[in-house]
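What Swiss-Prot says about this one:
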| type | residues | note |
| --- | --- | --- |
| DOMAIN | 2-236 | domain 'ABC transporter' |
| BINDING | G35, P36, S37, G38, C39, G40, K41, T42 | ATP binding site |
| DOMAIN | 255-314 | domain 'CBS 1' |
| DOMAIN | 315-373 | domain 'CBS 2' |
Amino acid sequence: MLKLEQVSKVYKGGKKAVNSIDLDIAKGEFICFIGPSGCGKTTTMKMINRLIEPSSGRIFIDGENIMEQDPVELRRKIGYVIQQIGLFPHMTIQQNISLVPKLLKWPEEKRKERARELLKLVDMGPEYLDRYPHELSGGQQQRIGVLRALAAEPPLILMDEPFGALDPITRDSLQEEFKKLQRTLNKTIVFVTHDMDEAIKLADRIVILKAGEIVQVGTPDEILRNPANEFVEEFIGKERLIQSRPDIERVEQMMNRTPVTVSADKTLSQAIQLMREKRVDSLLVVDRQNVLKGYVDVEMIDQNRKKASIVGDVYRSDIYTVQKGALLRDTVRKILKQGIKYVPVVDEQNHLAGIVTRASLVDIVYDSIWGDEENQLMTI
């Protein structure tokens, strides 16, 4: 789908920002460019839509040499998302989303319908169409920035640290949301980031650059298990090199499949009684279809017992979750990094499938850190 052949960028004075890069990207692939500041990751991405002109080499999109195309027309066929979002403050959300379709002379009704379709994909209703950017939160604005890039149905989308300015909770939520969206729409993504956790979480393959050259290309697993050299090891970080047991790769293989749950219509007394019976201090709240709604713990009940009567009055909906097909290492990292006690496991429709607890990860982390040493001692 996207092919870079011996692509270089040399600035005046002879400074090489990018040096003879070769890369093949398949249709529907999610590629992350990552590396230290000045490594050439953003320059490489900007050469793909000719915001920066290559000094030499060739770039092909669907077999066509981009240097033989009008740069303005080229950019209209490529989605582009930046950290600063770049929504026009005087335009409504619908007008912002429809910007490129309007330039492509789509009929007005088709533009409106496309905006409605896209909002639905990120769980935003049609009432947002006539609002202005200042009426939205930072996370909502960034969602609109992503939707604008998708509006004209481009096969390729370039993203330059799009979630870098967001708070950690919003950032994590948008990453999950966008990865799901990418799988659904099967778009080819080139994503620039400085955050290795983000690259590991999102990418099908990671491209690590240093001083304008590619040092290693591989899946997150390949790079974590077999760093190309000392630079890659140091860039990844020792804590990220903690590996899960080789026989336990995905969350669903080791999750507890019978988490303790409660419905929102149960009384606080019933919830406390259930906690006592199951010897737990919190419960996952689900509806009749077993869709996860949030959680309630003993502290919430204690603080609200005089002014609330049912679980639905006190439970919290802001809860970290992972997909049951997620790699186990991502869950290990989330639990350890965020300091949380457990992570609910859900399917694509947010049905509760299980739970991974902090305690259940102790053996896995122990084996990851000490397993090799113990094996070596046993062979001495």
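Cβ atoms here come from the backbone N, Cα and C positions, even for glycine.
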Which one of these binding-site residues has the most other Cβ atoms within 10 Å of its own Cβ: S37, T42?
-> T42
T42 (ATP binding site) -> DSSP, reduced to three states, gives helix
Taking DSSP three-state, what's G35 (ATP binding site) in: helix, strand or coil?
-> coil
What are the DSSP helix, strand and coil residue counts for the domain 'CBS 1' (255-314)?
-> 21 helix, 18 strand, 21 coil
Within the chain of G35 (ATP binding site), which residues six or more apart in sequence place their C-beta under 8 angstroms from its C-beta?
-> K41, I208, L209, K210, V215, F235
Extra residues within 8 Å (Cβ to Cβ centroid of G35, P36, S37, G38, C39, G40, K41, T42), ATP | T43, L209, K210
